[in-house]
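A short write-up of the structure that comes next.
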Amino acid sequence: MSVIALTNVRPYGESTVNVLIKDGQIASVGEDVDTSKADEVLDGQGWVLLPGLVDMHVHLREPGREDTETIATGSDAAAKGGFTAVFTMANTRPVIDQPFLAEAVWNKGQSYGKCDVYPVGSITQGLEGKQLTEMGLMSKSHVRMFSDDGKCVNDPQIMRRAIEYAKAYDVLLAQHAEDHRLTEDASAHEGPMAAKLGLRGWPRVAEESIVARDMIMSRDYGGRLHVCHASTEGTVQLLRLAKQHSSKITAEVTPHHLLLTDEKLETFNGNFRVNPPLREHRDTIALRDALLNGIIDVVATDHAPHGSEEKCVEFEHAKPGMLGLETSLAIIARVFVEAGLADWRFVAKVMSERPAEILRLEDQGRPITAGEPANLTLVDPNSPWTVEPEELASKASNTPYEGMQFNAQVKMTMLRGAITYQADNE
Ligand code: NCD
Ligand code: ZN
């Protein structure tokens with residue numbers, strides 16, 4: 001197998017080294033590493049080298065809505081965004097509620113080879129909230145996480161059983177926390193902006209009441225529980241309480257809930273409609289603090305492609321969801337690194353190491369040292385670029401960041417020593 005040398009790279013944004021990659025692994029790292037015998041030399045130009053990013057929450061729409069995204073196009077978008085592993089949610093058509101469907105998703109991802117695509121299994125059959133799936137069988141078909149994401153497991157008895165099974169099979173249960181009775185016909189966060197625009201509101205309590213209930217269930221029944229897309233200040237308070245009592249709860253926050261607020265809704269642009277909705281400034285601030293101090297564990301994009309016919313309609317009729325894979329690193333760099341709140345070690349932690357740890361991935365989120373798998377992302381922290389929907393690798397173009405400028409840009413992504421994405425040389 002060929003030997004690749006990355007020269008002048010800064011692991012975690014620290015001092016400059018050369019990295020030699022052989023047989024899919026990091027062979028050596030250091031200032032004096034001899035790169036003269038490499039088959040391919042890539043000049044890192046002082047850019048930041050991170051472990052390949054891991055996204056616990058994406059929607060790749062295959063099977064069923066291949067017109068908006070496929071495992072292949074989603075893998076391309078993931079690689080371009082710096083990801084080497086993603087977890088694709090079960091709310092496809094058909095729903096991923098049986099082992100052979102999970103196998104098919106995994107196999108497609110592997111044969112395309114740009115990113116490890118892990119199938120998420122649904123908690124209930126058909127996402128109907130009534131009958132549990134065969135979690136034990138699915139856990140033998142590459143399923144490490146179960147979720148009815150897109151829908152909440154509202155029925156407390158079903159949720160209790162799911163938590164007990166999750167404990168028995170040692171898998172992660174991820175909840176989309178939304179009391180649907182409180183969000184009927186809602187398209188925006190319930191607050192002054194929704195009132196002003198005449199939109200039906202989605203109150204914070206619809207999320208927080210489920211998080212609180214699940215927290216107590218996990219305390220008493222003990223399974224590993226994960227809160228998808230935490231979006232409110234109150235959820236942060238609940239998570240703080242849960243963690244004080246050493247609960248097994250983990251949580252994610254999306255880049256859009258860290259960067260955007262419901263002020264964007266004034267445009268009535270359907271690309272700003274998402275579940276849970278964009279909230280208010282104080283929520284954004286609470287979420288940022290929570291990620292900084294570990295109350296929220298990870299960043300997950302909730303990459304949710306939709307066709308233009310589902311987005312370019314009246315706001316209330318637009319489908320909720322926004323693209324995230326290709327913009328998330330740039331957003332996290334802006335909100336935390338460029339703002340002086342955190343360094344690249346933090347980015348590696350919340351976008352690679354912690355998600356890999358939560359999902360028990362042995363080959364992801366590893367230190368950048370000799371003997372480790374060569375799953376890597378090279379980032380130029382200072383390469384201003386503008387988000388243009390038509391330039392995205394994703395099949396869909398429902399990005400809420402159109403026209404926005406960011407600084408950090410992924411230059412190269414590598415999966416087990418193979419380059420899965422490389423930026424064009426300007
Ligand atoms: C997601 C989707 O489109 O599948 N939409 C969204 O607004 N986030 C489902 C989900 O994550 O809830
Ligand atoms: Zn969701």
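Cβ coordinates are placed from backbone N, Cα and C, and glycine is handled just like the others.
For the Zn(2+) 2 site, TrEMBL records HIS176, HIS229, and the single candidate of ASP149, ASP262, ASP283 listed with them is ASP149. When the candidates ASP297, ASP302, ASP343, ASP363 are compared with the Zn(2+) 1 site entry in TrEMBL, which names HIS57, HIS59, ASP149, the shared residue is ASP302.
When the candidates HIS257, HIS306 are compared with the substrate site entry in TrEMBL, which names HIS59, LEU60, ARG61, ASN91, ASN275, PRO320, GLY321, the shared residue is HIS306.
In the three-state DSSP classification, HIS229 (Zn(2+) 2 binding site) falls within coil.
Among the binding-site residues listed here, namely ASP149, HIS176, HIS229, ASP302, ASP302 has its C-alpha nearest to that of LEU60 (substrate binding site).
Ligand 1 lies within reach of ASN275 from the binding-site residues HIS57, LEU60, ARG61, ASN275, judged by a C-beta closer than 6 angstroms to any of its atoms. Cβ-based neighbour count (10 Å, all protein chains) for ASN275 (substrate binding site) stands at 22. The Cβ of HIS229 (Zn(2+) 2 binding site) lies under 8 Å from the Cβ of HIS57, HIS176, GLU252, VAL253, THR254, HIS257, ASN275, PRO276, ALA300, ASP302, each on the same chain and at least six residues away in sequence.
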